[in-house]
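Peer 1: Swiss-Prot lists 63-76 with the feature compositional bias 'Low complexity'. Per Swiss-Prot, the feature domain 'cDENN FLCN/SMCR8-type' maps to 339-491; the stated evidence is sequence analysis. Residues or ranges marked as phosphoserine in Swiss-Prot: S62, S73, S302, S406, S537, S542, S571. The region 'Disordered' annotation in Swiss-Prot covers 31-82, 294-323.
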Amino acid sequence: MNAIVALCHFCELHGPRTLFCTEVLHAPLPQGAGSGDSPDQVEQAEEEEGGIQMSSRVRAHSPAEGASSESSSPGPKKSDMCEGCRSLAVGHPGYISHDKETSIKYVSHQHPNHPQLFSIVRQACVRSLSCEVCPGREGPIFFGDEQHGFVFSHTFFIKDSLARGFQRWYSIIAIMMDRIYLINSWPFLLGRIRGIISELQAKAFKVFEAEQFGCPQRAQRMNTAFTPFLHQRNGNAARSLTSLTSDDNLWACLHTSFAWLLKACGSRLTEKLLEGAPTEDTLVQMEKLADLEEESESWDNSEAEEEEKAPVTPEGAEGRELTSCPTESSFLSACGSWQPPKLTGFKSLRHMRQVLGAPSFRMLAWHVLMGNQVIWKSRDVNLVHSAFEVLRTMLPVGCVRIIPYSSQYEEAYRCNFLGLSPPVPIPAHVLASEFVVVVEVHTATRSNLHPAGCEDDQSLSKYEFVVTSGSPVAADRVGPTILNKIEAALTNQNLSVDVVDQCLICLKEEWMNKVKVLFKFTKVDSRPKEDTQKLLSVLGASEEDNVKLLKFWMTGLSKTYKSHLMSTVRSPTATESRS
């Protein structure tokens, strides 16, 4: 967790002061924090707790080193600090903990070494012990802003027989720049920090009771003459927290507690990437996979039943193997889930547009988007496979029905992408139909008849492509909106192929959302035509080509989505809400 935990104290002589703070370091340690220690000067006490290796380093400094370190420190000068304002001795390099799991270091000093962090901690300390306090001056509170960070502060009192009111004022603060994370960590921080405070108060109370038993101070103070001038009682108005708790290892224990607090608080909340609801393409693919699994299970069951029946083999049938013919449904599902191999041919839509030419590509793309049958006739099976692989990216998965290569013509209701060998005849009424486009691939007589000068691929330069249709798309026809946007993306050379692919995905999602709205409006709610026209105008799809595209894409909606809509509308709760 990227935060700073600090212990603050309100000194009677100097006001709010930071006593001890622990910060998280993801980068190498700063100079002066446990660096340059020789074996003779360093005492290391290491222990394992919660996956953190605790290391406390103490070294003896010469007076010159102490003076230089004091002048370079962003904290207050020695002359501005009393015993109650100081935690670590002069020259103490602080405490360091190494987290072996994450390679993170937790470093504790009296003040942060970075000037900006020192300013943030200093301001939070002053506010926590002056204006930002809860009623009763003891308890948790939250404050902060985007510039100076957000602070969780818990103020508390420590018993002191020599202090005014027999107690001194402290606070433990946790500073973060992430407001939401800090608020969500409030229950955890509150429970753990209260545990630390209770332990400190229990130790101080034992010392307080011992001092009161040995030399009661209340009667002595009541008998003392009143004076308007501030003065030190018994010559020791400022006492350190170690003397108040009688614990010489107090700062090492606080470092351990603060380091564990930072590690545990950062581990309990993690960020997860939420991908949202599955798209229609994902739902359709899942349905097709489920259908294939069902079909394979049915085939396995039928084979098992045939084996149990154990039919007697008739004479003359030996040596012959009978194979079952796949049903039409299995054939269609196999066509829908067909995955072509990655072979040479068309690389992308931009590649195909450059090879076919802009007019021919626009005609072909228009028929693809409208749901018309696209027939490729070529002897090169790999070329047909690559063409279908590229063209199918313009359609939702549910609208794609492919027969990659057939020895006979297949009707349009069975497939909208059909690959044929050149000798296969196509019926005359199909060739004259406005709902069919045919791409014939011939061998070019000269290599420069139809060069494929794109993407350094000359494998298509030996072919000549002829695109024909019974209803050619006029050059001045507006066409569907998505086709114009696709062409604009393909002609923009500043966009790479990967960017164009992502743009195509976004366009399909945009228009599939319009399809869902139209399906709900017309099929589920059964609205009149006048309302449907108004809806199409709102969706920006009132043109004829856009309407045809929406109706075709409606066939690609998943069964899951359709059944969910129908069950929601027909449920009693939905009926009551509509009424």
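Backbone N, Cα and C atoms are what each Cβ position is placed from, and that goes for glycine too.
As the structure is a computational prediction, the values presented were derived from the model and not from experiment.
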Peer 1: In DSSP terms, helix, strand or coil for S406 (phosphoserine)?
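Peer 2: Assignment for S406 (phosphoserine) reads strand.
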Peer 1: About how far apart, in whole Å, are the alpha carbons (Cα) of S542 (phosphoserine) and S406 (phosphoserine)?
Peer 2: 38
Peer 1: Would you kindly give the Cα-Cα distance separating S406 (phosphoserine) and S302 (phosphoserine), rounded to the nearest Å?
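Peer 2: Given the Cα positions, S302 (phosphoserine) is 29 Å from S406 (phosphoserine).
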Peer 1: Any idea what the Cα distance is from S537 (phosphoserine) over to S406 (phosphoserine), rounded to a whole Å?
Peer 2: 42
Peer 1: Tell me, how many other CB atoms lie within 10 A of the CB of S537 (phosphoserine), whichever protein chain they belong to?
Peer 2: 10
